[in-house]
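Annotation comment: Swiss-Prot describes 12-18, 40-42, ARG307, 333-335, 415-417 as GTP binding site, evidence class sequence analysis. The feature Mg(2+) binding site is assigned by Swiss-Prot to ASP13, GLY40. As annotated by Swiss-Prot, IMP binding site applies to ASP13, GLU14, GLY15, LYS16, ASN38, ALA39, GLY40, HIS41, THR132, ARG146, GLN226, THR241, ARG305, with the evidence given as sequence analysis. The feature active site, proton acceptor is assigned by Swiss-Prot to ASP13. What Swiss-Prot lists as active site, proton donor is HIS41. Per Swiss-Prot, substrate binding site is recorded for THR301, VAL302, THR303, GLY304, ARG305, LYS306, ARG307.
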Amino acid sequence: MTNVVVVGSQWGDEGKGKIVDWLSERADIVVRFQGGHNAGHTLVIDGVSYKLSLLPSGVVRPGKLAVIGNGVVIDPHALIAEIDKLGKQGVQITPDNLRIADNATLILSLHRELDGFREDAASNSGTKIGTTRRGIGPAYEDKVGRRAIRVMDLADLDTLPAKVDRLLTHHNALRRGLGEAEISHQAIMDELSSVAARVLPFMDTVWLLLDKERRKGARILFEGAQGTLLDIDHGTYPFVTSSNTVAGQAAAGSGMGPGALGYILGITKAYTTRVGEGPFPTELHDEVGQFLGERGHEFGTVTGRKRRCGWFDAALVRQSVAANGITGIALTKLDVLDGLDELKICVGYTLDGQEIDHLPASQAQQASVKPVYITLEGWKESTVGARSWADLPAQAIKYVRQVEELIGAPVALLSTSPERDDTILVTDPFED
């Protein structure tokens with residue numbers, strides 16, 4: 001038995017929600033360790049759809065403990081809204097099934113506003129990153145700048161005013177520079193007071209909780225958000241998110257030592273998608289790209305934005321395997337490729353006439369690389385609902401084997417539809 005870390009190996013939207021839900025039945029605890037409510041997923045359980053952006057997937061399953069770690073930035077208003085929405089769907093969230101790290105950073109209204117101000121200014125200058133305008137980046141900035149308001153601060157009214165002063169000294173200077181009205185100290189105090197009673201009952205010392213549960217033999221599932229190529233360090237900077245999304249962050253963002261993380265499962269789509277700005281070497285602007293988007297229903301859960309689509313990029317996923325120490329992958333949306341006459345896989349790039357086997361860190365070079373493809377025969381048969389290798393066409397199996405060889409990691413799970421049971425289990429990560 002081992003713990004399992006789930007990470008996206010591409011630009012997010014790889015189908016982590018279904019796989020995490022599938023694994024959560026085997027877990028005792030499900031932990032979010034980075035990001036905020038800027039990435040969402042939909043779970044379908046007994047015909048009911050649950051849309052989650054901040055809460056760990058475990059909250060919708062009875063008997064599971066969901067944990068939000070210190071690496072997450074928490075918008076208390078979004079948290080309360082998500083809890084209330086689930087309550088109306090019959091899922092009651094209490095301290096018995098949800099705990100929040102006392103040292104997690106809060107996203108406030110001023111963070112959301114600053115995010116929007118900056119994106120508007122960047123749009124005018126052609127330097128837009130394409131954020132969700134939800135305040136994620138500004139909240140992480142305050143965390144690193146040591147001026148953030150954290151969950152525990154809601155319980156300490158004696159020291160809170162001084163912390164708000166420090167926060168506003170920074171933010172009001174920015175707002176003046178942007179030509180925006182300053183925010184009063186009382187407005188922030190009122191905002192914090194309005195959410196404290198709803199948030200504090202869930203507060204806990206998460207690192208200690210997880211350590212105790214680990215020693216008792218609990219199975220812990222760490223649920224990543226976004227994807228490796230959106231990592232602040234290892235992604236396509238600056239078109240990235242504001243946190244580390246790689247597996248190592250599961251330790252830093254929860255307080256669990258890295259030696260206890262266990263199996264690293266990389267969720268990997270059978271083709272490639274990306275939302276928003278940034279380089280995308282295998283992007284398709286033709287009818288195949290349109291086919292993938294329509295067949296794969298490639299629209300964002302949180303923003304509704306249309307995703308850009310392209311061929312599978314083995315060079316990029318190979319980098320993700322290395323950066324995360326991926327043990328095995330869950331290959332998703334294989335069924336979307338049904339019916340294509342031929343399939344291409346990117347195995348590397350050319351840059352200035354030279355062949356390279358990885359995506360450079362340089363923004364200019366990332367924009368200049370050209371993909372090098374191999375071509376495989378497609379398949380006409382349907383893979384939808386396949387639950388064993390015997391259900392798959394021979395060419396589909398060849399495609400999967402080629403992916404494994406090129407990325408240097410085995411397929412542990414294979415998903416053939418959005419339905420959670422339409423999954424081929426090769427290796428149970430909890431038993432590996």
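For all residues, glycine too, the Cβ spot is worked out from N, Cα and C.
Shown on the structure are the features that Swiss-Prot records.
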residue : record                 : CB count, 10 Å
ASP13   : Mg(2+) binding site    : 27
GLY15   : GTP binding site       : 20
LYS18   : GTP binding site       : 26
GLY40   : Mg(2+) binding site    : 18
THR132  : IMP binding site       : 23
GLY304  : substrate binding site : 7
ARG305  : IMP binding site       : 13
LYS306  : substrate binding site : 12
LEU334  : GTP binding site       : 24
THR416  : GTP binding site       : 25
Rounding to whole Å, the Cα atoms of GLY15 (GTP binding site) and HIS41 (active site, proton donor) are apart by 8
Close to GLY12 (GTP binding site), taking Cα pairs within 10 Å and only the binding-site residues THR132, GLN226, ARG305, LYS306, are GLN226
Top of the recorded positions HIS41, ARG307 by count of other CB atoms within 10 A is HIS41
Note: among binding-site residues GLY12, ASN38, THR42, GLN226, least Cβ-dense neighbourhood at 10 Å is THR42
DSSP, reduced to three states, assigns ASN38 (IMP binding site) to coil
For GLN226 (IMP binding site) and ASP13 (Mg(2+) binding site), the CA-to-CA distance in whole Å is 7
Cα nearest LYS18 (GTP binding site) among recorded positions (GLY40, HIS41, THR132) -> HIS41
Per DSSP (helix/strand/coil reduction), LYS306 (substrate binding site) sits in strand
Spacing of the two Cα atoms, GLY304 (substrate binding site) and THR416 (GTP binding site), in whole angstrom, works out to 23
Taking only the CA atoms, the spacing between LEU334 (GTP binding site) and ARG305 (IMP binding site), expressed in whole angstrom, is 22
